[in-house]
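Student: Not my notes, these are from TrEMBL:
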ACT_SITE  H217  active site
ACT_SITE  C267  active site
DOMAIN    139-271  domain 'Caspase family p20'
DOMAIN    311-395  domain 'Caspase family p10'
REGION    101-120  region 'Disordered'
REGION    274-298  region 'Disordered'
Amino acid sequence: MDEADRLLLRRHRRLLVEKLQVDQLWDALLSRELFKPHMIEDIQRAGCGSRRDQARQLITDLESRGSQAFPLFISCLEETGQCMLASILQTNRQTEKFLIPKPKDPRPVDIGSGGSGDGGAPEILRQNTDLAYVMSTEPCGHCLIINNVNFSPESRLSTRTGSDIDCGKLQLRFSSLHFVVEVKRDLTAKEMGLALLELARRDHGALDCCVVVILSHGCQASHLQFPGAVYGTDGYPVSLEKIVNIFNGTSCPSLGGKPKLFFIQACGGEQKDHGFEVASTSPEEESPGSNPESDATPFQEDAWTFDQVDAVSSLPTPSDIFVSYSTFPGFVSWREPKRGSWYVETLDDIFEHWAHSEDLQSLLLRVANAVSGKGIYKQMPGFFNFLRKKLFFKTS
């Protein structure tokens, strides 16, 4: 299987695991000699033997079945009546082969130390500085994680059990993406502001990017650009608009023209999204006996005048900024004490499997799609994208 087909198969892996009817495929796969009988038996015994486990193993093994494996697999889907999946794969395959020109020089491209080594369209984009940010320095930049777990009794905010799990995952993930990670735990609103200001005032001239992660309770807040606020451990909110603007071109000139990424695991409000026409939660989506908690707290527009947004007329136009929210503004964000939050768990998994080949926006679309299918109550992550180019993380 060539690299383009392999990447396309991986890109649709989750869809195939969810929808593939493997029990209808065995005869078709055997008749086209894609697999031998003993290989089919091994696939059927994969994991617990469930349909999902079999589908997952089939997709993995398919990559090693030769250059014609992908088109033959599509024809198997058509033969067994799984025409929707066949159409999606075939359409995307034709589109990519039409849009992506083959290099005139057949010699391997020297992608240098900053490339993913996967070749194809992602590498072409990575190296085009008109279309993608440069992410080649070592380290790429600073990553600050503020992890608020324990709150003062006066705040009436609950302990965020499971947040340390999120923090650990993100610390390892951004370290693997070549960031220098610093974790600060249980900060008051004032301490949060000081930590962010200290980060913004550093010299980022020799670096390519900056990341801020905030794990806390949250609420709605009045805003012009970026909705929501996050709580310090003393129960006072800090608006996300103020946090983002600490890193604007005026306050942080050494990050001018460089991507500034914000990942927010906190509630955007108190509404619970019941969803619509959604099947019951699968075992893979929610662990037995799990009792997800929300990070919701009431809307407090004027709870702390010290933390109100600076003068409206001085707010700059955001540039090179990406803000990822764990939930749609106005709704709760779910967290499980033993597994951490749905958003961070999914973000970490998606980054592990796809950061080597896809840009940031594509990764976050995958996160939104995966999280939106979890649980009885629903959650919909989203983002505000003011980046001027595509961003590919440095993965090797």
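Just so it is clear, glycine is given a Cβ too, placed from its N, Cα and C backbone atoms.
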Student: Per DSSP, how many helix, strand and coil residues does the domain 'Caspase family p20' (139-271) have?
Tutor: 38 helix, 36 strand, 59 coil
Student: Ten-angstrom check, please: count other Cβ atoms within 10 Å of the Cβ of H217 (active site), all chains counted.
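Tutor: I count 25 other Cβ atoms within 10 Å of it.
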